[in-house]
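Novice: Heads up, here are the entries from TrEMBL:
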type: DOMAIN; residues: 1-366; note: domain 'PTS EIIC type-3'
type: TRANSMEM; residues: 12-34; note: transmembrane segment
type: TRANSMEM; residues: 91-109; note: transmembrane segment
type: TRANSMEM; residues: 130-156; note: transmembrane segment
type: TRANSMEM; residues: 176-195; note: transmembrane segment
type: TRANSMEM; residues: 242-265; note: transmembrane segment
type: TRANSMEM; residues: 285-304; note: transmembrane segment
type: TRANSMEM; residues: 311-329; note: transmembrane segment
type: TRANSMEM; residues: 349-366; note: transmembrane segment
Amino acid sequence: MNKIKLGPLFLQINNASFGIMALLAVFGIAYAWVRDAGYEGVPAGLTGIIVHILLQPDTIHQVTSVTDPTKVSTAYQVGGVIDRAWLGGKGMVLSIIVGLLVGWIYTGFMRRNITIKMPEQVPENVAASFTSLVPAGAIIALAGVVHGITTIGFNTTFIELVYKWIQTPLQHVTDGPVGVFVIAFMPVFIWWFGVHGATIIGGIMGPLLQANSADNAALYKAGHLSLSNGAHIVTQSFMDQYLTVTGSGLTIGLVIFLLVSAKSVQGKTLGRMEIGPAVFNINEPILFGLPIVLNPILAIPFILAPLISGILTYLVIYLGIIPPFNGAYVPWTTPAVLSGYLVGGWQGMVWQVIILALTSLLYWPFAKAYDNILLKEEAETEAEINAAE
């Protein structure tokens, strides 16, 4: 892409979206908390952004060469700026902390009516702006005190402390066997009970996986994407493109069986219904229609498939067979093969195909066994109807 001058364009798009996800996250968390409490959430969200930036350093200690981005110098410092590094993955844990605290404190002020009350003659939108002044001002002042304590007392900033003592250890735990087990097993285990496991686990692990992705993206940008340079194996792409591709449980093998080999009417019908959504990694039609939910036969491949994919994908990256994922944000609805190419080049694409083939073979005998049960039930139902006539 650099040869046709598209590299800088895509980099700028990434910087303006994925690169400021920490600010978007802190706004969204504070906004949602206050809105759900029954108050206007936008002022709280904006307060969250202010606090997040306030708790960051205003000096960049490493300067990157404009002509050669791989060269970084510590001989110069730039002051009075916002370091973009803290706006992305490195600031995600602080976003959660600040977003929750801002939402909680702001709501507390509003519930106790600790606000500026304007006369009834003042337009509602104008009054609302004054209403937020007291809680927002108090929160920002408190954040200023915290910033002063950390900078004067500890010669650092609060975000750097959070990153060093909380986020980095959590990212390392996520980027290992424990992380693989959690994101491979827990979503499908919860799904089997009819609850959206991917959403629940994604909400917990997402910030850490996205932070890992952001680190990889920075290494990829600098041309240093390798495990020896600190690249992560377990990223958002690891989950989206290799554990939930074609749907939670990697169910494309089950769908293909229903489409081409099922003998039961229910199986054939669901196969035709699901093949389209499966292309975009949606499999609710068979989760609830077949169903997979609370189905002891299909539970075996449904749970084993992502575990096998997770373990094997971790190993092939760890052993250097395929490179770490490049940190590109690829929506989870992106079709298989294309998504593998976007996050891992041709190696990622080929590996994704191999994983889908292996998990499809895993599903086949269980799908056949369950289809025979459906066929028998349909025959019994038809016999009962004929007998009644």
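The first residue you see is number 1, and the count goes up from there.
Cβ atoms are placed via backbone N, Cα and C, with glycine included.
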Novice: Can you say which of 12-34, 311-329, 349-366 has the most Cβ pairs under 8 Å with the transmembrane segment (242-265)?
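Specialist: Of the candidates 12-34, 311-329, 349-366, 349-366 scores highest.
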Novice: Sort out the residues at least 6 away from either end of the transmembrane segment (130-156), same chain, that have Cβ-Cβ distances under 8 Å to it, and list them.
Specialist: 40, 43-44, 46-47, 50-51, 54-55, 102, 105-106, 109-110, 114-118, 122
Novice: At a C-beta cut-off of under 8 Å, are there same-chain residues at least 6 beyond the transmembrane segment (176-195) that contact it? List them, or none.
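Specialist: Beyond its ends, the transmembrane segment (176-195) has Cβ neighbours at 201-202, 205, 208-209, 234, 238-239, 243-244, 248-249, 287-288, 292-295, 299, 302-303, 305-307, 309-311, 314.
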Novice: What stretch, picked from 12-34, 91-109, 311-329, 349-366, has the most CB pairs under 8 A with the transmembrane segment (285-304)?
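Specialist: Out of the listed stretches, 349-366 contacts the transmembrane segment (285-304) most.
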Novice: Under 8 Å between C-beta atoms and at least six residues away from its ends: which parts of the chain pack against the transmembrane segment (12-34)?
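Specialist: Same-chain residues near the transmembrane segment (12-34) but 6 or more away: 40-49, 51-53, 84, 86-92, 94-96, 98-100, 102-104, 106-107, 110, 207, 210, 214, 217, 328-329.
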Novice: Can you name the far-off residues of the same chain, 6+ from the ends of the transmembrane segment (91-109), with a Cβ under 8 Å from a Cβ of it?
Specialist: 21-23, 25-34, 37, 39, 43-44, 47-48, 51-52, 55-56, 115, 134-136, 138-139, 142, 158-159, 162-163, 166-167, 170, 207-208, 210-211
Novice: Check the domain 'PTS EIIC type-3' (1-366) for me and report the mean pLDDT.
Specialist: 88
